[in-house]
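Copied over from TrEMBL, here are the features:
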COMPBIAS  883-894  compositional bias 'Basic and acidic residues'
DOMAIN    50-144  domain 'Fibronectin type-III'
DOMAIN    150-245  domain 'Fibronectin type-III'
DOMAIN    251-347  domain 'Fibronectin type-III'
DOMAIN    351-440  domain 'Ig-like'
DOMAIN    447-540  domain 'Fibronectin type-III'
DOMAIN    467-604  domain 'Ig-like'
DOMAIN    596-690  domain 'Fibronectin type-III'
DOMAIN    696-791  domain 'Fibronectin type-III'
DOMAIN    797-891  domain 'Fibronectin type-III'
DOMAIN    895-980  domain 'Ig-like'
DOMAIN    991-1086  domain 'Fibronectin type-III'
REGION    133-157  region 'Disordered'
REGION    875-895  region 'Disordered'
Amino acid sequence: MEIKSTIQKTTLTVKDCVRVDGGHYTLNLRNVGGTKSIPITVKVLDRPGPPEGPLKVTGVTAEKCYLAWSPPLHDGGSSISHYIIEKRETSRLSWTQVATDVQALNHKVTRLLAGNEYIFRVMAVNKYGTGEPLESEPVVARNPYKPPGPPSTPEVSAITKDSMVVTWGRPEDNGGAEIEGYILEKRDKDGVRWTKCNKKRLTDLRFRVTGLTDGHFYEFRVSAENAAGVGEPSEPSIFYRACDVLYPPGPPSNPKVTDTSRSSVSLAWGKPIYDGGAPVKGYVVEAKEAAADEWTTCTPPTGLQAKQFTVTKLKENQEYNFRICAINSEGVGEPAAIPGTVIAADKIEPPEIELDADLRKVVIVRASGTLRLFVTIKGRPEPEVKWEKAEGTISDRAQIEVTSSYTMLVIDNVNRFDSGRYNLTLENNSGKKSAFVNVRVLDTPSAPVNLTVREVKKDFVTLAWEPPLIDGGAKITNYVVEKRESTRKAYATITNNCTKNSFKITQDVVVVKAGEVFKVNADIAGRPIPVISWTKDGKELEGKARVEIASTDHATAITVKDCIRGDSGQYVLTLQNVAGTRSLAINCKVLDRPGPPAGPLEITGLTAEKCHLSWGPPQENGGADIDYYIVEKRETSRIAWTICEGELKTTSCKVTKLLKGNEYIFRVMGVNKYGVGEPLESVAVKALDPFTVPSPPTSLEITSVSKDSITLCWARPESDGGNEISGYVIERREKTSLRWIRVNKKPVYDLRVKSSGLREGCEYEFRVYAENAAGLSLPSQSTPLIRAEDPIFLPSPPSKPKIMDSTRSNITIGWTKPLFDGGAPVTAYTVEYKKTDETDWTTAIQNLRGTEYTISGLVSGSEYVFRVKSINKMGVSEPSDSSEPHLAKEREEEPAFDIDSEMRKTLIVKAGESFTMTVPFRGKPVPNVTWNKPDTDLRTRASIDVSDNRTSLTIEKATRNDSGKYTLTLQNVLNTVTLTLVVKVLDTPGPPSHVTTKDVTKESAVLSWDVPDNDGGAPVKNYVIEKREASKKAWVTVTNNCHRLSYKVTGLQEGAIYYFRVSGENEYGVGVPSETKEGTKITGKLPIAFFNYLKMFSFSESPEIDMKGFPHNTVYIRAGSNLKVEIPVSGKPLPKVTLSRDGAPIKPTMRFHTETTAESFIVNLKESVIKILMFRC
């Protein structure tokens, strides 16, 4: 800096100016005559200074963070146009750009590498260049949380031969982020690899693992997952074996007689409490005369599926005994007998009507709904049914249905006239019975009656009326009053909340917003000068802080400043002199926030975790509808309120997540368009449950004992404590121990449990607790001490033998193992036989291990019976029941297929794979086997194998042509049967059909075709079109993304001959092409008739843009993402499409470019930022 001064001037020179040289300079001149100062402002045009720090880095995760800064103190004499952001890993020296055109003072940085340490810098840019950078402190890109810890060790229950239920507990440490799911793995004891059990992420703490191998041992482990990833796995569980434990079922429950007649008895029962571990397949009903000893089976041999049965062909007035047994895969279970004897005789019953509890109350139906009155009836003989309406006749729309057990009255589309009392009468030879049902139809009321104008004045009218004759099933709450000028047709609402049978209509209301001024001016006249008085809602007004009353001899005015909601009401001006009195009313409505909701704030359904709140709308709504309510709660030990509901539309809500034992106060505020109103508070309440623990379980008893397990049964508690029983806890104690040990780790939901893992020979006692939401009950009475050991007896006999097959000299029989093995495994069987006319039995075989045997050496044509004995280590059982007599002769059987429902499902095969369909069958003589498929010679295409009891068809390297229906036919001398099996081969599509060329011009042609006859097992999603010049061999792709059954091929050479072909494409690839049969010559010449046709019609079309797929003409995309938009356009000739922003055309860049096709305009944008585009054509 250099300063030179002379007598007449002074010069300040600053060389090589920089940004800091700018500012305010002052030149001071001083002599004996005084002082003079001249301010000079210098602006140095330069790059901007560094942004104002610090450069804040927030919201850091493993992939992103947020930067924020302030503008530079020195802008270099020009406004800041944008900012440049760069980043650098602390382990490197080079900087990389994050963003080069940031307009704001903050930015989101993405694509960080987890664990790396970064420094960021920001530089401001003006028209003179890029300024100095502002750097941040180093930050490490890592999440503020970590993977969760291991869950608890998994436990297994509900074990079957192919599935187990695995449960586990949440990890103690969630890693700082919410647990998103779990990954469950299993390992076979014979293997080394852990395999996942769940394909999708698990959110529950319980999972049923299926697909296990019978007899194999498995262990399980589980890992938790949060936003940071998958945590360490839990400790592995112990090994569990996949197997079924099966027994015959217990006796059916609650057997009873439901009806009798002179020749029949109807029985009903429930399923067994214990099904033996296998599903109950059916039931057997047996009967006998009371004096007889032998039981007769009344049901089919395979059992009965239903749980009711009618025994027919009984003797009138005869006494009978009945019993029912359940059947599962292990055999027939114990019987349940009908108590006492039952006499086969007709019942005579007087009529009975059973009204449901809902019908005993008033039945309420909304207008236009359907009224259904379903009434259960009884009576022998069947009673006559009659429906009547007490106040008139039943509607013609009514439909009445009557059966022996119920009657039903149905009226559709009910209205107010269907309300009333409906009488039902039953009558038979034994008596008469009546009942009634009250029905109320909720409908709009009928019109009020006798509307009259009671009083008419110049400024008001008083109306009066009487209530409607029909109230529509509900009390009249209010009336809506409307008015209409005689010159108009439309009615306007005066009030919709009139609660009386009269209404005074005054002049229009003056509306004022809260905080504004309400002012009324009135000119007055009278002799002598009248006395002026103002009243509001009947109370005289006087001038005060906000209310001013100013009056003269000829005018008066009232002014209310800063209006509040309480200023609403009727203001009356009264003038009075000796000649009379005159009044004028003005209604004022102040628009303000609402008042408090109508109290009290009622609290119902209070428990330790939740409650229900309800209130009434505010009496003062502030002149606007209530938009919603805000509900808040506060613990009495705290000052702060927390929001329960922020925008509640109703006047009630459910509050959850209360803390047990805490005391709360709730408050509610109404909200209208003018703001939040005053609160309504509740009384203080404590969050406590209204129920207690249940009473102890009852009737605890031991039902079965083995050397390592004991099975217990019990009954429900007499009281559940006011809350549903959630489960049971079982404990056991050894005789020599003082401690009770818990049997079940999880609560038991059944009334039966098996305690396993006992020590053989030890004595145990048991007790049971019931549990509900309040906790555990007191324990039940303990069982007597019982020793864990297997009882051993002789086995019971096997089932009655059945004839399986026969020839002239051989008969094959089969049987099922005994219901009771005596406590030791059945090791063998003895088979005996005899002729029906003989008395002595012959032993066919001893110590047979199987349950089927063929007796040979029999005399052809003779009749034989058979029986079987069971053997265990205690000895030989009693013999079974004898089989049905059977002749030794060849057996004939109609052909039949032995397949299940799975075999009948469609077989799905991938192209190129092989498949085999094996079908077992039976029939005697052995049937002939024939395979057929339409349009296919299976003798050459497939390999067919046939034996005496099964056949198979194998196809190698399947193609789409192997899809379809395969018919298998069995035929012998008795019958012919067929079976159709469906095969679906997943392949590429077949060739499209009917490929044709049309609308040929000098440079284009239109192709059309039909869908392929064979879609390859998946929908055709698009087509590939190819072309080939006749003079060339190579095919050229025109498009591979055609979604229609036609396509216009352009860019063809005039005079050339082209061949075209079309291929369908599905999810398995591009299929077989279909080619045009003849070449197409591209020529623009048209027949004369066609030119005459062109004169009549114009082929030009105005440009059109189809924006139906873009609501509000807007495309939404997350900043920084890539965008591709395809917008349909049309027009002839093809329109020119331009794209602009703020009226200026946009040029293509590396980030932005467009494409125009014959059918659409395509916009491609990479790493999008906030800008608005506009295009036209």
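Each residue, glycine too, has its Cβ placed from N, Cα and C.
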What is the pLDDT of the domain 'Ig-like' (895-980) when averaged and given as a whole number?
-> 89
Other than its close neighbours in sequence, what residues sit by the region 'Disordered' (133-157), given a CB gap under 8 Å and a spacing of at least six beyond its ends?
-> 50-57, 60-63, 65, 67, 69, 86, 90, 112-123, 164-177, 179, 182, 184, 220-237, 240, 745-746
Give me the stretch from 447-540, 596-690, 797-891 with the greatest number of Cβ pairs under 8 Å to the domain 'Fibronectin type-III' (251-347).
-> 797-891
Are there residues at least 6 beyond the ends of the region 'Disordered' (875-895) whose Cβ is under 8 Å from a Cβ of it, and what are they?
-> 794-803, 805-811, 813, 815, 818, 822, 830, 832, 836, 858-869, 921-925, 927, 970-977
Mind checking how the domain 'Fibronectin type-III' (447-540) divides into helix, strand and coil residues in DSSP?
-> 0 helix, 49 strand, 45 coil
